[in-house]
């Protein structure tokens, strides 16, 4: 089978050397564009929901249970990172070099995560910088990706015992070859569920630290004294973050502020009700500790898809594995949600949410693979491919508000007459 290469985080691109070339011709590589385009699509969706999610809440994050467009972005990133891991590490000859590469990539992601989401940069609202270390936000999107990447990449390095590149096309063949990866996934799921439903959550207090809030400095008490609840105030995910990270280091404006219990404007943001529950004012970390443990499952599923790409030769064999697993995960997640067994919840990163979003990622990638790598329709997706090949650069520019500033910087007669302003007026109509 042709050899495939991906750089796991900064450049998850796939490269397939041409085998049917003359020995006299220089070695040349061809990119397989589907993963680049999928990554570019995910980054583009992230920019869309970040800039427009407040005005179109149907594409923004769900206030609590449920799954909107924005809620697919994080698991898509984790799935893509997982696919890239086996494609990159198979080219590194020694475990020592692989460990060094993984450690360096992890530290780089943590650095950018703290810089962009820790509170140091105040863009795009204000072009000022600096953060009080007593209030820095430790967790974030890149930090979660770094953690999942570290865990799964080390599993790929130390648990992989397969030497053969080509295996039988049977549905369970790749599962058997990497059974230790799935055992790790099962252990993670059991640990997550045991903590989510088993940890006792006591009453707790907090003071409002958001200086923009009318309740700044006010102290609230939240009544819990429960175990196994998945509601906003009394879940184990939030409790662990408050105890370990400290409540001052959590995200100040969680999506639950748009819940019906909190504001009359739901699902839009707005002033809190006079009788709004105390937890509406509280911070919550959507990329916290326990939910990040569950998020590793999205990356493990992505690794399986990367293994299929590495080991199975034909397009039909690959697509059969991907599509069957995608539909299986999607159906399982939907059943768990609508039977009220385990609700879809991005903030808690529940198992049903893992299944639905990973299944969706599998089907979207399969569709892109068919369009691009089988039918050859690459030119339709050139902008997305460029974004995918420069994902970190685009992410930083989006986080710093450079894209939003550029778009809003062009107006007609009045600074309010921008493309964004025009679209908001249409939305109000």
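Note that Cβ sites are derived from N, Cα and C of the backbone, with glycine treated the same way.
Looking at 141-159, 160-178, 217-235, 236-254, the range annotated in TrEMBL as transmembrane segment turns out to be 141-159. In TrEMBL, the annotation transmembrane segment applies to 393-412, one of the ranges 373-392, 393-412. Among the ranges 33-53, 180-200, the one that TrEMBL lists as transmembrane segment is 180-200.
Residues of the same chain lying 6 or more positions beyond the ends of the transmembrane segment (322-342) and with a Cβ under 8 Å from any Cβ of it are 171, 301, 304-305, 308, 350-363, 365-366, 369. Counting Cβ pairs under 8 Å to the transmembrane segment (69-90), the top-ranked stretch among 102-121, 141-159, 289-310, 348-372 is 289-310. Take the transmembrane segment (348-372) and the stretches 102-121, 141-159, 180-200, 289-310: counting Cβ pairs under 8 Å, 289-310 has the most.
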